[in-house]
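Enquirer: Pasting in a structure now, in structure tokens, and then I'll have a few things to ask.
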């Protein structure tokens, strides 16, 4: 059977008289009183009982993943296809269950945790190479959009995605599939894809998803050394459905009302599909009724492991929607599946055969170019002279000497963009140096940069306090921009003074805000510099006007007010994420120290083994009947000890990689909270 779980959204107004949760964590009973408007003879049903595979009430994200997804993801590495789908009314917590929140690390959803499990399991395989590719599809108002192709937006006419039936099953024509080599890369794509997702606001949910989103991971396992040419493919489909809405409750109007109509229509077709799949006597299954049902043709039942998570409210005012969601979960529970691993297949011909095919394709391209009079077309790597010519053309284009650059092949396009990048970086360096010199900060900048440079003769490891390792610069003191003619700051000031900064965290956060504001002022100064040099009187008057228009609160005071009032919640999350980040960095510091110690022990044992081997050769070696060299007890113990230390070092390295991934994830959350603090203060 398809597994069906129910997750109840935590609420302070749980309807205990109407919703009763079973002690076995699998049953749920609903009781509704008869309405007095039904009259004297009222035969309406008042009691319902549902029994499913699991009930998740007041459970953490980690427990939800362990219960719902962990086994399914593990089986995907054995060749089984898997699907997890979140269903429920709007605002019940479907997106939270599937993707989690972007503010707190412990609230990660099923998708980030599945990515972590896949790459962690793949790293443990010694002889198997695991390749992972991902795609992210959005269905909005019965139109398909690729969330991992930002260039093709919703208003682009070239965004022509279509659901197709092929020999290998259903696929989306035009959908981009991105290979990812490690967990950080996959999470980066996931974070980028979450930004353009459509959300709307109504009375029940301020951040209501207005589209269905389908995240797919394509997994391929093969031998690392090509001793076995068989490959095994599987895929995991993670579906975040948009929530069903009752217009009488949401009060939606305009575009939000149109979107709600599309959402309810597609969910209605999905329920019809589930009813058909649950009926063994049904001959026709209506997969083509909507884009959603067509895309999920290979992901519901059949040969695929399928799990449903139904999100419901526990409040009395939503009991009708809760009943509807539980009925859907029961129907889904009736659907049967026969999960079988995918058949292994042999890889494509050898590399030599592929190289020959590439050469033939190049020859065909040359023939095609000759037929279309493109005789200058070439597909060989660019020479030094060609790169210099492209650099000259880019410089002429920027100066306005030529109107456009002649493009003949893809390699030239790549080189043109590279030259643009080089010129941009040079201009940024020149602009930065002019600003430092203009305001007399060259010596101070040099001293700061020199003090920040690491000693090349030392192997740097993260500081257990987390400050030296902080990539975001949260713990570094801000470099303040002084006014011209103002005295230099005193170096003997007490940083722990209660009048300026009550705590160390406040100092760091104020420094971050000041750094961002100083950067904004620096961006404006090059444009104002010419006016100041040419007309001193205008600069004086403008400065006087700016003083008159200056707000009553200083930047530090405004930041403190925002932190304590409007931004209190995000500041609390910021401090919590920072605490977790520092704890992770302390962990990576201790692991790095332990690995350095193990490395020293391994080197010492290797030297002792070499000494024992030289001593054995000098005294003469003894062999057994099979011709193998006989070693003494001391050398054997050294070999065993060396093997143990290498295993510990390998385990430490794996732990170090996991900590680095977690630190990068936490760093992203800290940066996002810091940006929200800064923008809120502004």
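Every residue, even glycine, has its Cβ placed from backbone N, Cα and C.
A TrEMBL annotation is a machine prediction, not a hand-curated record.
Taken from TrEMBL, the feature ATP binding site applies to 88, 89, 90, 91, 92, 93, 94, 95. Sequence annotations record features per position, and here TrEMBL assigns coiled coil to 592-662. Summarising the annotation, TrEMBL assigns compositional bias 'Acidic residues' to 506-538. The domain 'Kinesin motor' feature in TrEMBL is assigned to 1-335. The region 'Disordered' feature in TrEMBL is assigned to 448-554.
Are these features on the surface or tucked inside, and what are their neighbours?
Expert: The C-beta environment of residue 89 (ATP binding site), restricted to residues of the same chain at least 6 apart in sequence and closer than 8 Å, consists of 243, 244, 245, 311, 312, 313, 318, 321, 322, 324, 325.
Mean pLDDT of the predicted structure over the domain 'Kinesin motor' (1-335): 84.
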Enquirer: Just to be sure I understand the packing, how many Cβ atoms besides its own are within 10 Å of the Cβ of residue 95 (ATP binding site)?
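Expert: Excluding its own Cβ, the number within 10 Å is 25.
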Enquirer: Inside 10 Å of the Cβ of residue 90 (ATP binding site), count up the other Cβ atoms and send me the figure.
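Expert: There are 25 of them.
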Enquirer: Restricting to the chain of residue 94 (ATP binding site) and a gap of 6 or more, list residues whose Cβ falls under 8 Å of its Cβ, or answer none.
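Expert: The list for residue 94 (ATP binding site) reads 86, 87, 88, 209, 240, 241, 243, 309, 311, given in order along the sequence.
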Enquirer: Taking each of the binding-site residues 88, 91, 93 in turn and counting other Cβ atoms within 10 Å of its Cβ, which one has the fewest?
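Expert: Each of the binding-site residues 88, 91, 93 was scored; lowest Cβ tally within 10 Å is 93.
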